[in-house]
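Peer 1: Shown below is the structure under consideration.
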Amino acid sequence: MAEMKSPTKAEPASPAEAPQGDRRSLLEHSREFLDFFWDIAKPDQETRLRATEKLLEYLRTRPSDSEMKYALKRLITGLGVGREAARPCYSLALAQLLQSFEDIQLCDILGQIQEKYNLQAMNKAMMRPTLFANLFGVLALFQSGRLVKDKEALMKCVRLLKILSHHYNHLQGQPVKALVDILSEVPESMFQEILPKVLKGDMKVILSSPKYLELFLLARQRVPAELESLVGSVDLFSEDNIPSLVNILKVAANSVKKEQKLPDVALNLLRLALQENKFERFWKEVLEEGLLKKPSYTSSYMCFRLLGASLPLLSDEQLQLVMRGDLIRHFGEHMVVSKSQNPLRFIPEISAYVGTFLEGCQDDPKRQFTVMVAFTAITNQGLPVMPTFWRVTRFLNTEALQNYVTWLRDMFLQPDLDSLVDFSTANQKRVQVASLNVPERTVFRLRKWIIHRLVSLVDHLHLEKDEAVVEQIARFCLFHAFFKTKKATPQIPETKQHFSFPLEDGNRGVIVSAFFSLLQTLSVKFRQTPDLAENGKPWTYRLVQLADMLLKHNRNVANVTPLTAQQRQAWDQMMSTLKELEAQSSETRAIAFQHLLLLVGLHLFKSPAESCDVLGDIQTCIKKSMEQNLRRSRSRAKASQEPVWVEVMVEILLSLLAQPSNLMRQVVRSVFGHVCSHLTPRGLQLILAVLNPETNEDEEDNVVVTDTDEKQLKHGEDADSDSEDSKNSESDVDSEDGEESEEEDRDKDVDPGFRQQLMEVLQAGNALGGEEEEEEELGDEAMMALDQNLASLFAEQKMRIQARHEEKNKLQKEKQLRRDFQIRALDLIEVLVTKQPEHPLILELLEPLLNIIQRSMRSRGSTKQEQDLLHKTARIFMHHLCRARHYCHEVEPGAEALHAQVERLVQQAGNQADASVALYYFNASLYLLRVLKGNTTKRYQDGQKLEGADIKSEPKDSEVQTTSCLDLDFVTRVYSASLESLLTKRNSPLTIPMFLDLFSRYPVICKNLLPIVVQHVAGSSRPRHQAQACLLLQKALSARELRVCFEDPEWEQLISQVLGKTTQTLQTLGEAQSKGEHQRELSILELLNTVFRIVNHEKLSVDLTAFLGMLQGKQQKLQQNLQQGNHSSGSSRLYDLYWQAMNLLGVQRPKSEKKNVKDIPSDSQSPISTKRKKKGFLPETKKRKKLKSEGTTSEKKAASQQDAVTEGAMPAATGKDQPPSTGKKRRKRVKANTPSQVNGVTVAKSPAPNNPTLSPSTPPAKTPKVQKKKEKLSQVNGSTPVSPVEPESKKHQKALSTKEVKRRSSQSALPKKRARLSLVSRSPSLLQSGIRKRRVARRRVQTP
């Protein structure tokens, strides 16, 4: 331990002679020093580094040889600890220590390591730790950065690593790898000297291990002349060495299986092949014909990683060789076969390699373009294997991106199938289908992928830099989605583009869906500002202008779906309306209308018949909206005439919401946010009709939820892109599921009609055989006829089951679409509540939203869409509606209806089966109260400046009624009925927090409801309801807002009523038998404590003497229940509440009594204690009997009597004025109940600690004064103190004999004495010697 001591302190001769402060500081320094080594071995890297830094700082600031030696010893020992994860931590710490203290010799450290972990003396059990300790020791010396400068230590480490390399079973190739790392940094002269010692001249040895080959490649790179003199001229890529290289690469691939990285030897071989111009032989013969001849997944992944790592090293010709060989086809097959959930999928790694390559050659667009085209050309029957959304495209520079987009466009128009590296999987080759091998299918799959890749490119573009590319892609998609060329013209470049394969309808549908996806990307990613886009126009507007220009060139361009005259007229009117809106472009509402028009106008080309009518209605609504905006200054004389255009607009927006388009959903939200201020009741009912389940079920056909062709196309794309393996597996699973569902349907609903038909067929078969030959077998003709009839019957039944199953799936799908449409329709409700919280129509949303919540809560275990609908509705209702800062103020005409709605909501809350649903209804009623009350609550809160009785009282009830629409009497009756329901019904959905929220918001209502609560505190109510009433009353009385509503006499009268009710319940305190009764006792004491605090704080003239006597009479019962373990989970809480009440009445809980409550042993013969014994305790019969002390001297008796007088004469004192402990608690506890005699005079015993009382002169509600210390000393010296008055029920305790008290005191003192002896036995020798001397002296005195 001398090494662990701080060098700043002189080493003490012994612990006894060291001062206390010096010994403490020495221990602290030692503990701090030792903690460093514990933290170094922890798995958290930050903790290890922090501990290492602190250790180095500690050693720098306290330079001491002993601590340095100990640190080195601990770190060297840690190199071979049993926990393998800690060995590298100690190695790194040792390296940093050697790096910081360069005066430490490396040879000495290496010698200590070899001495601690001797390779010659190790046994079998210590072999692995010894080997790793030597290896990590060498690594520590190398990581310190000083090994290459110390030749002697370097040679020793090389020899040690050479010895360790023979233990391959434990260390694998780590020693040779460490040797390669060391030699890669040594000077060339030293390398030449070490090389003959570590590398033999035999090529068989070199080609036997990846590490030896890596050492050979390192020597060939650094000292080729010395290597040639040692090995000779070697052609590593000769025909003879190719098999050995293949085997070495296989071993290297298996060695990095867990690390999932490229072996260094493979990359070094690639560099050597490039250097010697033998790359083609290496790639074809070693990789493609060697490793991939019978590939394993480790060899395949090594080849894939080598492909990615070789990209920056290859020339254009070599890139063409690599990207069109067998390896790239094997890579493509892996991409197709591996699933997205497969952890071995290689797409993240190849993306990292390609991204690094593209980022590194930003100034070479040709190489970027070549690599992108090469990876795009890897196709499986025409479908490229790379994902359409590939993040590496963001590294393309402008020229490479433009060339790549041009190549994609040309491949879409005139596919060059010969330039593709196409392949088929094993299953595709096995299952040869003639329809799948035609060029048309290959072109269809290729074009579908290309159009999605073009759209995905826009996500990675910067508009400022690549605006031309974005416009080129958008024009291409728009033209080929909706138009076709009649005659080429130079004004439209797209007309010069010709297809080598005709564009099929399937491809055109893909282009249409991709075009609207592109609109979504452009609207979200590129939100135009005037300084970014041409003339500050959004992309949608520019595309509409392009479409208008194409429509005008009808000689050169034709629509794919021709427009009628009416549809063309609707388009022209839209363009004129856009010009009108353009003049008002500064208004946000005009911008929203413009965006809606543009989007619906583009949908005119997709579905002309549907969009034409919608387009006309939108224009009509926009014009009427603008006209009403101009006439806004007029009077509201025509306010009763509802603006029909708003209702039409709502219908339009609802129909647009039915389309599964996120872009359309955003536009609808934006437009509705600008028109919702003009919303009418009829318009709101149109929205609520979608959300209302009753009308929605009956009118399902009113709003058609479209399941667009986008999903079907996506499904077809997935079906085409999947491999045959997935097809087969999915078909098997589907067939199994179909069989199981059919069996379930057959078992679940047996058709009686089918059973009757089956019986008729069987009877007809029997009749065909003849009535007289019933017991004989049927003939062949009869059997054939019976089989045919049965087969047709079962076929019909199977068709009926299949039809029912399809009908069930159809209904389920329709239900999902309907729920999804309702979720979208909630967007309009959310916009209305957020944008117009003061709109009168907001009040009509309460009950419809509550109906949705109630219905969804009833079916909460259903689909995810039901859950989403519930969560969104609840969020809108609670956060945006009930908790909104603003609300409607114009409710005077409908105040009576609102009061009726409050009553209805409160009654519905009380009738719910679920408390969570009742909470929503109750909060809705509170929201209506807030609306009815208006701004009066805010005015009262502004006047609340003071506390207690000095606060100005709130205005009277009549004032409240005159300043707001709230009918206080009516509301009081409503909530009093619900409060009665809470405090009387057995299972009420109403809860205490609901009424606490009501009381805190509306204290005037709370004042009117308090008599009901006080009435249920006692009486014939259930104990649980009484406990709820006490809790509600306690929280209400503590509220500051309630006190403002009471005058001082009213408040004092209320407190007296509460105390009178609690007196009835206190009669049974401590006699609880059930859980509800016990909860009532806890609640009544908490209420009493609150009332006592109010009385003391406000100094109310309330007499509490009766409560003092009543509580003192219950003390013994409560203490007995606590000792016996009755209701053990809450007895201590009840006892604490009791003493809190006594403390508020002026009686302090004695400290000694509080200790005795925990230390009193339970009686083993008690019937309650024998019911259930605690685990881990011996029974009474197995315990050793305690020895009784018999020889007690008179001196000991006198001392105990004097201590008893000291404690017994001491009155109750408050905690803050209590004198500090003198260290004699044990003797005071033992002798507390002993009658004291001083000089032969018996001193009157003070009240027992269990029964503290007040003197007659002390006021009942005030704490008695604390006696001073000198008075206590005078009592000890012989003066007789004045004994306070004790209750009659407690005087029987004075009849206890002195003998019994002595016996109990001696028995209770024995365990504590033994505990103290055990503590002494663990104390230092100095303390033990002093205690031993005092113990011997005491024995001598006690011996007669």
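Placement of Cβ uses the backbone N, Cα and C atoms for every residue, glycine included.
Bear in mind that the values here come from a model prediction, so they are computed numbers and not experimental data.
Found this in Swiss-Prot, in case it helps:
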COMPBIAS  708-730  compositional bias 'Basic and acidic residues'
COMPBIAS  731-746  compositional bias 'Acidic residues'
COMPBIAS  1150-1161  compositional bias 'Basic and acidic residues'
COMPBIAS  1247-1256  compositional bias 'Low complexity'
COMPBIAS  1317-1329  compositional bias 'Low complexity'
MOD_RES   A2  N-acetylalanine
MOD_RES   S14  phosphoserine
MOD_RES   K69  N6-acetyllysine
MOD_RES   K156  N6-acetyllysine
MOD_RES   S1162  phosphoserine
MOD_RES   S1166  phosphoserine
MOD_RES   S1189  phosphoserine
MOD_RES   S1221  phosphoserine
MOD_RES   S1246  phosphoserine
MOD_RES   S1255  phosphoserine
MOD_RES   S1305  phosphoserine
MOD_RES   S1318  phosphoserine
MOD_RES   R1322  citrulline
MOD_RES   S1323  phosphoserine
MOD_RES   S1325  phosphoserine
MOD_RES   S1329  phosphoserine
MOTIF     238-256  motif 'Nuclear export signal 1'
MOTIF     261-279  motif 'Nuclear export signal 2'
Peer 1: For the motif 'Nuclear export signal 1' (238-256), DSSP counts of helix, strand and coil?
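Peer 2: The breakdown for the motif 'Nuclear export signal 1' (238-256) reads 14 helix, 0 strand, 5 coil.
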Peer 1: What's the most sparsely packed of the modified residues K69, K156, counting other C-beta atoms within 10 A?
Peer 2: K69
Peer 1: Calculate the distance in Å between the alpha carbons (Cα) of K156 (N6-acetyllysine) and K69 (N6-acetyllysine), and round it to a whole number.
Peer 2: 22
Peer 1: Could you tell me how many residues in the motif 'Nuclear export signal 2' (261-279) are helical, how many are strand and how many are coil under DSSP?
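Peer 2: Once the DSSP states are binned, the motif 'Nuclear export signal 2' (261-279) shows 13 helix, 0 strand, 6 coil.
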Peer 1: How does the model score the motif 'Nuclear export signal 1' (238-256) in terms of mean pLDDT?
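Peer 2: A mean pLDDT of 90 is what the predicted model shows over the motif 'Nuclear export signal 1' (238-256).
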